[in-house]
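Feature annotations, courtesy of Swiss-Prot:
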- C57, C60, C67, H70: Zn(2+) 1 binding site (BINDING)
- C97, C100, C132: Zn(2+) 2 binding site (BINDING)
- D493, D495, D497: Mg(2+) binding site (BINDING)
- 1343-1377: region 'Disordered' (REGION)
- 1351-1363: compositional bias 'Low complexity' (COMPBIAS)
- 1364-1377: compositional bias 'Acidic residues' (COMPBIAS)
Amino acid sequence: MTFQPEIADIAKISFGVLSPEEILKMSCCKVTSVKVSDKGENIYSKFMGTIENGENCKTCDRDVWECPGHFGHFHLEVPVVNPIFINDACNILRCICFNCYKFIVSVDHLKLENLVRRFQDILLYVKNIKHCYNCESEKLPLSVVNEIIVDEDKNPLDTRKLLRVLENVDDETVRFLGFNPTMSHPKNFIFTVFPILPPCCRPYVMSEENCCDDDLTYQLIEIIKNNQYLGDEFLKKAELKRKKSLLQSSLPPTTDIKQKHLTNLWFRISTYFNNSKKKAKHAATAKPITGLKERIAGKEGQIRHNLLGKRCDQSGRTVVGPDPTLRLNELCVPKEMAEILTIPVHVTPFNRDALTQLVNSNKANFLIKAANPKRSINLKNVINYRGTLLYFGDIIERDGTRITITDTKFVLQPGDTIIRNGKALKEIRYPERKQIELEVGDVIKRQLMDGDYVLLNRQPTLHKASMMAFKVVIKPVKTLKINLAITKPFNCDFDGDEMNIHVPQSYEAIAELKELSCASKCIMSVQNGKPNVAIVQDSLIGLWFLSRDQWFCQTLKRSQFFNLLLTIDKAQNFLTRMDQICHVLKSKFPSKGNWEGSGLDGDGRVSPKVGRMVFNGRGLLSFLFPYDFDYCGGDGLSIESGVFLEGTLEKNVVNTLIKYIYKDYGETVVADFVDNIQFLTNHYLVDRGFTINASDCLKNESIAPEIVSLTRATFSKATTVRDVTINPFIQEQKTLAILNSCTDQCMKLSKECLSSDNNFCVTTESGSKGSIFNICQITSLLGQQTIDGKRVYGLLHPQDNEFQDRGFIANSFVEGLSPREFLHHAMAGRKGVIDTALLTSVSGYGQRQGVKLNEDIKIYPDYTVRDVNGRLYQYIFGEAGYDPSQTIVVDGHQTICNVYRLVNRLNRSYDSSALRPLTEDEIEWMVDFIQPRREYEYIPPDVEQRICSIRRDPIVGQLRRIQTVDALVPILKSHLEKCFYQTLMSPGECVGIIGAQSMGEFSTQATLNTFHVAGSTTTGAVTNCLTRFQEINNATKNPKNITCKVYFTKGNGTIEEIRRRGKDVKHIVFRDVVEKWTVEPATAEWWYATFKQLYAAPIAESGTVTKRVRFHLKRDIVFAYRISPQEIKQSLESKFDVSCIFSPFDEGLILDVFGKIEPHKLEAFVALMLPTYISGLEGIKAISYHKCDELKIWYIQTSGGTLSDFYTLDDIDVEHTTTNNIWDIYHTLGIEAAREFRIKELVEIIGTGVDLSHIKLRADRLTFTGTIQSLTRYTMRGEKPFSKVGFEEIMENFYKTARDAEVDDLTGVSASIMCGKRAKVGTSMFDIKLNLDAILCPPSTSPLLTTEDGTTSATTPIAATTPEQEDDEAFVDYDYT
């Protein structure tokens, strides 16, 4: 029998439980022995495949590389319940009568609506059933103990009986229970035939002494042995041996032997599948055996490590470093690495000669001949014959000189003589070079060359921009090197970081890297629309210095100016640009400079008078910008017609310029802009020089007394606040705020005491490195050290200065820290390191949760956002369908372009008197391309109109404010239409993964960077934000801190009115107002009788009451919450049979309580009185008062409480009252309010770090079912099998999938990767539609264009249609799955 494999995509995979018949059909042999030497088929039968080189499989006649392996089998002497489904089998048996094999209750009595939970509902219903409704037989109680089904007496049940029961269950009952009778019949849950894995899944390891079996083989051997011991032949021999023995009593009976081996068989089969509890161990070493579950599940298992792993050939890894001479899209690759990595190239008639020359010049490593495509020829062994092998110490005589061999790779030359051990070798073979001739159809694997594109990756791969393509530049170095401007998305800092490169192996992959993933085409981030590219460190310092030069002041020599100008690549024509600079300067500064006469000398050189005006930093910077680029922002920067007029270039300003240049001119111009900045500033700093020394750390001596006095004043103020504040929590908060304010004031003093030329100030002001906080720590003081937002705990014994004992450091790094200060600083720094180590795993796991849950969400050709299951999440991505990396914010709205900038640039060529505003008809005509193009199945017409309004309104608002001329109207419309289609998110884009990565990367990087600000309040803020981020994603039902903001409608929202409403909100019980209580004799004092006469109080007579309870109340609590004595009195008297009287004296708030209470029960009675309700809402532990700056009114912030309770209050402001508990919002206001709350909370946590479109998609994904879902494994239960398996609980999901007979059509991302298919996302979502008539037409009519010189050139026909003219047939061939 021969096996001819066919390579084809798998259409679908159906899961189920194999029946004995299917196992036998699948098996290729019956295993009868465990010994290799025995006759018959053993555990390593060649019918199951081979694992030895040179041997072929007896089933498929394939070698070790091509044989897929085949299963074997053996028959079990006793049926064994499959340990995977033992609980399901037990539950099914509880529902079946053992007498009549019917369902124990009538089906008509059950009303089951939920098919997903059908089996669970049935189990709950039959739990209390005692008899079968059909035959009235008693139900047998069953349970599972140690992977064995037992009865109520804990005795194992006969599996033959269990199998007989399940075999007699009819298919209708099986379907009713929720199982598939064909794919997962319950009878298949019991093994009668056991499958044996092929040897390739459990290969042995050969050593010099013996052969070591795999753990699975070891288990199979034990299973087969115990199964053979249960056979009749073995039991008969055991019984015969027992009878022949003289001491029969010393040998166990046959039944005991059978039970022993049966128990061992159950144990071995159970641990064969799952040995996670490490029960099964090797007899010799006691090492736990690895089961199937341990092989498959876990991070290092077969699923995540192999099937979903990213390890591949043609990749390299080494340390990465910076190279300022590289362009933005270039990557320096070590020559040694480039000679190893290869790219396959097919030989054609057009490139045969060139590839032949390449091969014969040692630029290719392997050759695959068309005649034998399975064999790869190593060209290094074929082309270069090295000749005689040289040894270390050999001596080569060449032209009268002697060369001692220290490198055995030394190349001999004809005429060389080899002297070895003092004697000359007689036979010497000199190197030969063989010429290779290529044929059409061959494939060569050439070495990496300059200009090739490779994929660069740094781990952890947190987001899309962690993998980008670069153009290779090969250099004789040992490390990878990249441009510093592209380090931001990789987050690499060159402190030993390593990066990976992946070489594309197909033309399609090369095209995608070049056109889609290239660094120069990924300028803007899809995460938040901000630049991925950023000028950093030295270049920023150079820009800062150059931009501070003033016009009309020559700061550069003529030679220096022109030398620096030569570093700018692709610069404009010098004379034209110089004339333009002079023209702009003359119009802006007519009173400055000498503008008379020509600006050029007789020989065409720049005249000295012009040189004195423009030979400076701003003159150089003017050559960087496009000739028509304008910018005038609130940062003081002014650029007109590309001429840098005024302002200072620092980090944020440069990032803004990069974004505007990208939107106005595209990625090519902005890439050249970034490259030229670095080339210019690098050469400028080489001439100028820049360094930081000890003198930069020294502050002005006059500032030291100010810092000391400021510190003392801060301590005095904090002491005053501590003494007057009663609440310890508020006291600590106020103290910490005062101490932190001291640091803020010292930061200002530090900046003032250093000159503007101080190199520390230069680095901070330019944005190159550090901040004013770092300067303050170096020169002034370190300030208060905090851990988790709290002050450091002090020592046990009292100190002279309480604040310094609690972590306030009054010294700077220059002055040095005292031992106590050093300890506190180390404590805070240690916390930062711990957070980085521990919280990184938490945030990383959160990112993986988001990616796995959203990996199948993508944009379809109708621009709806759906997943492979067809579930609709958004009608259009982000409510407008825009790509965040292509949008820009204008007038507070996200739109396609800045019309103001565009019009200003276009209007420059026209007289301002000819400008006019646009009419409404013109505006409507200019935006008519934004309209519903088709009526799609998923988008209702009213929603489509709303989408159009969202897209149109920001553009229309800008068009109404501009002025232009008639000639520019069609040009303006054409540009708007182009921007619109460029800004749309492309169909096929995996917006689910992009959004999850964007939010995950933000939280992970925030955690990683906490140690940079160790000891400051920023560290605690990041930790709290991460905790809140988890609560929102996981929809925690009991958040850590439930807070509510309560607003009232009546009144003007003053603090006095809010305080009066405090007692209606805070839950106050009698215990809260009691300071202490005592039991005293019931002496009849004079005010008792007066009180009885005035109020007719039911005070017991003195003869019946001998004791009274006197409560001393907390005056501050009673007055703070406006609690009247009458309220306390009514609360106690309404609940207990007591009388309450308040003392009329000013000695304090004293409440006497009388009642008919036995003296020995007084203490227990007081314990019952203390929890008595006084006022407020239940669950509200504390309240505080705050002012809303937006509404300019005060509100109450509570700890605890629910919206439903607040809505019962009078005058409650329902619109603004809110809570941070998403479940409370959902139960009170519904799912839409919960969605908006989720968006609002995520925006507050993340800020502008992630685009709002990604946040909305996350909220829609977790609320689209109408209920709140969490970002956990429980939400994954509704996904396809392979999606669930690729996340968590791998084996458990496999078990459930097989039990429920699920089918996966392999359209998901995880399923496609596991099965070796292309995931239908991105470019793989579509196929290329070819015009075969044009391709196959005869040469006379072939689509070749004849040029003027008579030559021909092939062209690709392009349809000259606009998007409005596309017909519906354009989407016919798209695969929407």
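Note: Cβ is positioned from N, Cα and C throughout, glycine not excepted.
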Count of other CB atoms lying within 10 Å of the CB belonging to H70 (Zn(2+) 1 binding site): 22
8 Å Cβ shell about C97, C100, C132 centroid, Zn(2+) 2 site members excluded: I96, F98, N99, Y101, K102, I104, Y133, N134, C135, E136, S137
Candidate binding-site residues C57, C67, H70, C132, pick with smallest Cα gap to D493 (Mg(2+) binding site): C67
Shortest C-alpha distance to D495 (Mg(2+) binding site) - which of the binding-site residues C60, C67, C132: C67
Cα distance (Å, whole number) from C97 (Zn(2+) 2 binding site) to C60 (Zn(2+) 1 binding site): 47
Which same-chain residues, if any, lie at least 6 apart from C132 (Zn(2+) 2 binding site) yet have Cβ under 8 Å of it: C97, N99, C100, K102, I104, K139
Rounded Cα separation (Å) that holds between H70 (Zn(2+) 1 binding site) and D497 (Mg(2+) binding site): 45
Per-residue Cβ crowding (10 Å cut-off), top of binding-site residues D493, D495, D497: D497
D497 (Mg(2+) binding site) and C67 (Zn(2+) 1 binding site), distance between Cα atoms, whole Å: 42
D497 (Mg(2+) binding site) and C57 (Zn(2+) 1 binding site), Cα-Cα, nearest whole angstrom: 47
D493, D495, D497 excluded, remaining Cβ within 8 Å of their centroid (Mg(2+)): C492, F494, G496
Lowest local Cβ density (other Cβ within 10 Å) among binding-site residues: C57, C60, C67, C97, C100: C100
